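The annotation active site is assigned in TrEMBL to G:R93, G:E96, G:S119. Residues or ranges marked as domain 'Cyanate lyase C-terminal' in TrEMBL: G:80-152.
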There are 10 protein chains.
Amino acid sequence: MEKLMTAKDAVREAIVSAKADKAMSWEEIANHVGCSPVFLTSACLGENSLTDDQASAVTSLLGIDSAHIPALTSCPTKGQRIHELANDPLVYRFQEITAVYGETLKELIHEKAGDGIMSAIDFTMDVEKIEDPKGDRIQVTMNGKFLPYRRW
Amino acid sequence: MEKLMTAKDAVREAIVSAKADKAMSWEEIANHVGCSPVFLTSACLGENSLTDDQASAVTSLLGIDSAHIPALTSCPTKGQRIHELANDPLVYRFQEITAVYGETLKELIHEKAGDGIMSAIDFTMDVEKIEDPKGDRIQVTMNGKFLPYRRW
Amino acid sequence: MEKLMTAKDAVREAIVSAKADKAMSWEEIANHVGCSPVFLTSACLGENSLTDDQASAVTSLLGIDSAHIPALTSCPTKGQRIHELANDPLVYRFQEITAVYGETLKELIHEKAGDGIMSAIDFTMDVEKIEDPKGDRIQVTMNGKFLPYRRW
Amino acid sequence: MEKLMTAKDAVREAIVSAKADKAMSWEEIANHVGCSPVFLTSACLGENSLTDDQASAVTSLLGIDSAHIPALTSCPTKGQRIHELANDPLVYRFQEITAVYGETLKELIHEKAGDGIMSAIDFTMDVEKIEDPKGDRIQVTMNGKFLPYRRW
Amino acid sequence: MEKLMTAKDAVREAIVSAKADKAMSWEEIANHVGCSPVFLTSACLGENSLTDDQASAVTSLLGIDSAHIPALTSCPTKGQRIHELANDPLVYRFQEITAVYGETLKELIHEKAGDGIMSAIDFTMDVEKIEDPKGDRIQVTMNGKFLPYRRW
Amino acid sequence: MEKLMTAKDAVREAIVSAKADKAMSWEEIANHVGCSPVFLTSACLGENSLTDDQASAVTSLLGIDSAHIPALTSCPTKGQRIHELANDPLVYRFQEITAVYGETLKELIHEKAGDGIMSAIDFTMDVEKIEDPKGDRIQVTMNGKFLPYRRW
Amino acid sequence: MEKLMTAKDAVREAIVSAKADKAMSWEEIANHVGCSPVFLTSACLGENSLTDDQASAVTSLLGIDSAHIPALTSCPTKGQRIHELANDPLVYRFQEITAVYGETLKELIHEKAGDGIMSAIDFTMDVEKIEDPKGDRIQVTMNGKFLPYRRW
Amino acid sequence: MEKLMTAKDAVREAIVSAKADKAMSWEEIANHVGCSPVFLTSACLGENSLTDDQASAVTSLLGIDSAHIPALTSCPTKGQRIHELANDPLVYRFQEITAVYGETLKELIHEKAGDGIMSAIDFTMDVEKIEDPKGDRIQVTMNGKFLPYRRW
Amino acid sequence: MEKLMTAKDAVREAIVSAKADKAMSWEEIANHVGCSPVFLTSACLGENSLTDDQASAVTSLLGIDSAHIPALTSCPTKGQRIHELANDPLVYRFQEITAVYGETLKELIHEKAGDGIMSAIDFTMDVEKIEDPKGDRIQVTMNGKFLPYRRW
Amino acid sequence: MEKLMTAKDAVREAIVSAKADKAMSWEEIANHVGCSPVFLTSACLGENSLTDDQASAVTSLLGIDSAHIPALTSCPTKGQRIHELANDPLVYRFQEITAVYGETLKELIHEKAGDGIMSAIDFTMDVEKIEDPKGDRIQVTMNGKFLPYRRW
């Protein structure tokens, strides 16, 4: 694991560095790869795994050594940076939303679909900026499969 | 504070009880009040404050003593149930999403709008069930004002 | 919520008390209800929800007031007793197994099925005693749907 | 200790690296060594100790320096990676199972076998993928000796 | 559970109260019951379970209602008072001993008996005062079965 | 401090390494030095300080540079590895014993000797393996001076 | 235990209440009892035990029911209020002193007396106000027996 | 900061090393510098700042490069080693004293001087060994300005 | 203590309730008493102590039983509600300001005044709303005595 | 991220070092750059981002390599040093102010402006030393936009 982790960290650093040198955005890379910017960014940061084709597209676009491809396609250990990120105001606001609205989400998801949860695995997310004369807005759309609790 | 807190707890309990007796959904109550189900539910659970009109609409619809109205319009102390909710699988998934995608959200919001955050105060949220033959899905849409960090 | 929680606690106490008075086992109750002992026990303790029929079967078998049925069928807030249970040696051993074998489970599940997880929602569990002349053994079988991480 | 710990880390890294280079699975290595894949994987990751014969079989199969054998046969300090793994969704699900079903396990083990625990030391575990047209499943079987609390 | 817990708490309180009224020591009660003072005390405080005979001997000796017997023979949830006890100097010294000598115990038990642990379940403990002109001493003797880690 | 700490770590590593090369046990080293194996091991691991004579005996027996002697005789900062050891099953069992029997120890020590504690400083400990046909046992004997609380 | 704890709490409340009604200071009570104000206060607050004579002196002086005497002479569970006191600025300053000067105390005590500690059991403490034209000062004098680490 | 912190660490290490080489005590260094041993030690360990004259006296006495002087006179970030020191028995005893006597200190300081605190900034401390035939004692004297809470 | 604490809680509740019944603001009460709204509010909520005159002014203005006066003038245990308040977004923002600007405050206070701190005891605070066409602003002014670290 | 973080750390170190070499104050640098000392300091320490012009002004004033400019203008991960700073007395006082006055701030901001918060993003802060014959004072002025909670 340690080894693959290091490999994940190395490719992350190589991508962030090349992306800065080429002044490319995550959105441009995602468009080139043909997938969602959220998914592409999370995989490059080490929180998801790419297919071989996706990984090749990333490394060739950014001019990164193809030896990094296995690190991009291997299964990550997720969530490992959350402790250092938890005090950052942007990230904290999402924790605050769960603190303030978590019980509301629980009530409404149960009301709409019964006893179960929204999957965070069979899950997609989008981030958009919505222009607004009173101040632009950020819209985050989360979409997860409803998983009913099994009775057996 | 303690007193108002108790008042918040009392009206919450009165609402949840009357709602169960009348077999009404949060959505029906929200439609009656004329606001979003997420906002209505969060206010009834004690995480937001209603206007006087909204509070009257809730108490008269559910047949609750109007003496509860000040508790519904007072400013709440928010986020107080998160510790007991944090081990619940439905609520935990939202924490997991922040753990896994928090850095991605940070990257993309900064990429789209510069140095700043998505407000959790000037903020709205929607929860929908999306029918899908492969399994229904839950869609949560968060929409917050982008607040640029001030330089002074 | 508080109210329903209290209702969950009340029915739990009524069941545990009636079960002791009638000297019935969880297994006997489960057989009468027609479901798994693990599922039945977890629902009676407040960690899962029963169908109306299952709840009626429980209350009539144990001679409990049918007014408790809604508490048994409502969606629970799960995992709320883990902090007080975490120092109990029997419960701790399962935490220890995750501490010692968690990375092994990660390696082997990824090896067998790719990037994804074993669901704890679409999930069943069995507990059996296996007689053994060198000392009886406990066998716990967990069975959860493999959920592949979605790429989008 | 520090030294042996480092030795454990070094052999772990050597194994993970050679396994990747030779494209071998944990299951293939375990079959060659003649033991369970769970046990073999846990020992290679540093959570269990091998016999001399098992350790030699591993190093010769993977072409690793036999100087690593003492590290594989020495007594490990277990559970040291759990904090960094605890936010990973796959590992968290096992903690969630303990949170949700821990009291149920306690009830049923006591019901079947009296006052005591399931050993996590005199313990075996199996992981299998079960093909299922509605979605493959993962089955984890834990088997531990029942240890009755001694009265003295 | 809650109910049985309350029952455990109730019998604990009844015993501590009757013991004070009758000015009996734990040692006298244990001698009457015919078991070790450590075991007897731990069971009366709610951390172990007695046999029916032992429980009857306790209740009759102390003149406690025999309705308390099932609470004494039921399986306890153990370790629940450790958080409130952890700052007490007498209890803390035992935690300090583990902090200072834990690695030493690990080294010497492995040296003497191989890879395994000392059981805390198949376990007995004695506490003695040893008179000493330079100041009396307390001797605590712990005796647990060595459990070798299973290889499978 | 940092410097002495490093010195403590360096001598620890030198001892563990030389001990492995010479295939000596802690017991053999202790016998050579003329002190208890528990004390010797704890001092070599960095949790106690040796006298000059004891330190010289250790370094000459193991063929370690005598420049390490001051590190062995200096006052250690104790208990610094407990956080990484706390998840190890062997070490955890001792914490569990305190969790389960801590209040019992408190009751019995007060009963035997009055208001006071067992010292962990004026303290000795022994570890023995006791052969037993039903499975060998580990016996740990702790012996500390009783310190009565001073009233002033 | 619970019962004695309650008794400790009850006598504490009775003393604090009677002390307020009679407008007596801790110092006056201590002078009447013939012991140090620090010791007397700590015992009345439930952190130390009095002798029978001391307890009688307290109850008769304050006009408290003598049934409270056993609660004053029983062995307390100490340190239980520290979590609620830890955010109080006066109490925090003593924690800050340990944080800032803890290593200095370690260095100087070892320098003066060798490897050992200052006992917190065979220990006395005094609190004085020292008048000073530039602002009065508080002087706290701690005096504990030096306990050398035993080598065995 | 980082840089100055490193500078603080470097001068600390240089002082501890030179002090050992020259076999000087903290007391001797303090006498040479003309200040209290507690203050001198705390400043050398990185918890206080020296004046230029004091810093020069330290570096010239110990033969340390005068380039270290700014590190000794810069404002430190205090309390950063407390987490690693907290399990050390000598340091823990001071935390225990706060846990056991914190409320007593609060009562007596308020009784003597009203609503306010003892400053830990306008503060001095002394450590002395007091010879005693029944065992030497350590006396720690803390002296801080009483700061009354301001009403405004 | 417990008793006085209860008294603090009781007067707090009486004040909050009477203030709501009379529809008075904290600012009006403070103006009547002749002190700062921040100080008055904090004292009524239990975090500061009033003089006898101030306490009488509060109770007579609000029509509260004068038996509450001693509770208002007694020394409070401060900071006890912070844990329940810490997840509230308004309160959290002040913690966030410390997290983001704490090191900056340290740098600038040291730069302006040398090694020392801003007192939180000899301290005043003001809260004002500043009307602004682009959105009103809140201004919080903190003013504390600079306390230089004593060298001795 | 890691890479940019390192870049943030590197420029921070370069600035702190050059600032010391040139003996410049934060205030002088801020005056040169034309912004507030608080903002300038926080950006140089890595908690805010500068504009290109501001960053160029900093690097040219201090004679730092202009390759550091992107690190100064990139979006920081904020709040990451708070854990190591939290025990420092100067920083702790600000946490204490929130603990003691947090509820008061909540009451008064709600009283003045309704349900909402003071923004920590659209926020400015000033630090001033105020000369005072009775001891200089530090004044910290925080000014944040009032954000009303949105109802939707």
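Quick reminder: no glycine exception, Cβ is built from N, Cα and C everywhere.
Any TrEMBL annotation is an automated prediction that lacks curation.
Of the recorded residues, G:S119 (active site) and G:E96 (active site) place their C-alpha atoms 20 Å from one another. Counting Cβ atoms from all protein chains shown, G:R93 (active site) has 23 others lying within 10 Å of its own Cβ.
Other Cβ atoms within 10 Å of the Cβ of G:S119 (active site), summed over all protein chains shown, number 22. Shown in sequence order, the list is empty: the chain has no residue 6+ apart in sequence with a C-beta less than 8 angstroms from the C-beta of G:E96 (active site). DSSP states for the domain 'Cyanate lyase C-terminal' (G:80-152), grouped as helix (H, G, I), strand (E, B) and coil, give 29 helix, 27 strand, 17 coil. Contact with chain J, taken as any Cβ pair under 8 Å, is found for the active-site residues G:E96 out of G:R93, G:E96, G:S119. Checking the active-site residues G:R93, G:E96, G:S119 against chain F with a Cβ-Cβ cut-off under 8 Å leaves G:S119, in sequence order.
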